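Participant: Sharing a structure here in structure tokens format.
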Amino acid sequence: MEVIIAAPDELARLAAGAIEKLILARPAAVLGLATGSSPLGIYDELVRRHEEGGLSFAKARAFMLDEYVGLPADHPERYRNVIEKEIAGRVDFAPGAVRGPDGLASDLPASCAEYDDAIAAAGGVDLQILGIGTDGHVAFNEPGSSLASRTRIKTLTEQTRADNARFFGGDIDQVPQHCLTQGLGTIMRAAHIVLIATGRAKADAVHQLVEGPVSAMWPATVLQHHPHVTVLVDNAAASRLQLADYFRSTYAAKPVWQGL
Ligand SMILES: N[C@@H]1[C@@H](O)[C@H](O)[C@@H](COP(=O)(O)O)O[C@@H]1O
């Protein structure tokens with residue numbers, strides 16, 4: 001696990017740079033896209049590189065992490081619509097190249113199983129962007145999630161619904177109670193995971209993720225078992241890390257050839 005502590009704009013450039021490098025090496029790369037506010041700087045940087053540098057996603061594919069259950073197809077907070085607005089519709093993905101769990105499927109368990117199969121059939125995710133919730137959830141794998149879980153339906157915690165109420169006019173009652181989410185076991189199959197977290201509200205979750213014991217109580221800690229994870233955090237999100245000085249000196253001494 002590599003932990004990089006830097007300013008948010010530098011974190012976004014680092015993640016976008018890793019994605020650009022991947023796509024240049026492998027135009028048909030499979031990306032894992034996350035919702036939430038944390039990846040927005042990365043998406044803006046990718047759009048900039050697309051518009052100014054010709055970075056093309058025309059052959060790439062992408063899988064989203066999660067989706068609310070039951071939000072109408074045209075609801076602005078439906079994650080498919082959010083991803084379309086924030087990244088997919090701003091670059092040149094081919095039609096149908098970006099997929100997400102179907103929160104309107106008539107048979108939710110079957111559509112979840114099909115989704116995992118589709119990711120596997122695409123060859124798996126090459127680079128997965130991840131955020132983290134204040135309670136340590138990744139995607140919508142809330143505390144108590146099986147560390148081996150696959151894509152499935154979950155019930156959101158009150159904490160997550162309260163955190164996400166800001167996207168629903170501040171009204172927690174408008175936040176759906178159920179979601180579909182890639183499981184922790186699904187996410188762990190990605191070749192490279194890039195998790196980004198900024199702000200003091202994430203400091204406890206980041207501390208647990210990096211330095212805590214692996215536990216379903218802090219679902220992101222499963223990433224300690226993954227061979228290639230990059231954790232990108234700003235000073236505030238890093239403020240509870242006991243190893244912060246070590247991570248800073250490691251980054252200062254990072255070989256220029258190394259990449260993420
Ligand atoms: N399902 C999403 C997660 O994928 C995201 O990581 C989390 C944090 O969001 P934010 O980045 O806005 O803090 O929010 C939601 O719960």
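The backbone N, Cα and C atoms fix where each Cβ goes, and this holds for glycine too.
Annotation source TrEMBL lists domain 'Glucosamine/galactosamine-6-phosphate isomerase' at 9-226. Residues or ranges marked as active site, proton acceptor in TrEMBL: ASP66, HIS137. Taken from TrEMBL, the feature active site, for ring-opening step applies to ASP135, GLU142. For SER145, ARG152, LYS154, THR155, the entry in TrEMBL reads site 'Part of the allosteric site'.
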Participant: 10 Å Cβ neighbour count around ARG152 (site 'Part of the allosteric site')?
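Facilitator: For ARG152 (site 'Part of the allosteric site'), the count of other Cβ atoms within 10 Å is 22.
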Participant: Is it possible to get the count of other C-beta atoms within 10 angstroms of the C-beta of SER145 (site 'Part of the allosteric site')?
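Facilitator: The answer is 22.
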Participant: Using a 10 Å cut-off on CB atoms, tell me which of the active-site residues ASP66, ASP135, GLU142 is the least crowded.
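Facilitator: Sparsest of the active-site residues ASP66, ASP135, GLU142 by Cβ contacts within 10 Å: ASP135.
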Participant: So which of the recorded positions ASP66, ASP135, ARG152, LYS154, THR155 sit close to ligand 1, that is, with a CB under 6 Å from an atom of it?
Facilitator: ASP66
Participant: Looking at the recorded sites SER145, ARG152, LYS154, THR155, which ones sit with their CA no more than 10 Å from the CA of HIS137 (active site, proton acceptor)?
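Facilitator: Within 10 Å Cα-Cα: SER145.
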Participant: Counting across all protein chains present, how many other Cβ atoms fall within 10 Å of the Cβ of THR155 (site 'Part of the allosteric site')?
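Facilitator: So the number of other Cβ atoms within 10 Å of THR155 (site 'Part of the allosteric site') is 13.
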Participant: For LYS154 (site 'Part of the allosteric site'), identify the closest of the active-site residues ASP66, ASP135, GLU142, judging by Cα separation.
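Facilitator: If we rank ASP66, ASP135, GLU142 by Cα distance to LYS154 (site 'Part of the allosteric site'), first place goes to GLU142.
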Participant: Identify which of the recorded positions HIS137, LYS154 has its Cβ surrounded by the largest number of other Cβ atoms within 10 Å, counting every protein chain shown.
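Facilitator: That would be HIS137, with the most Cβ atoms nearby.
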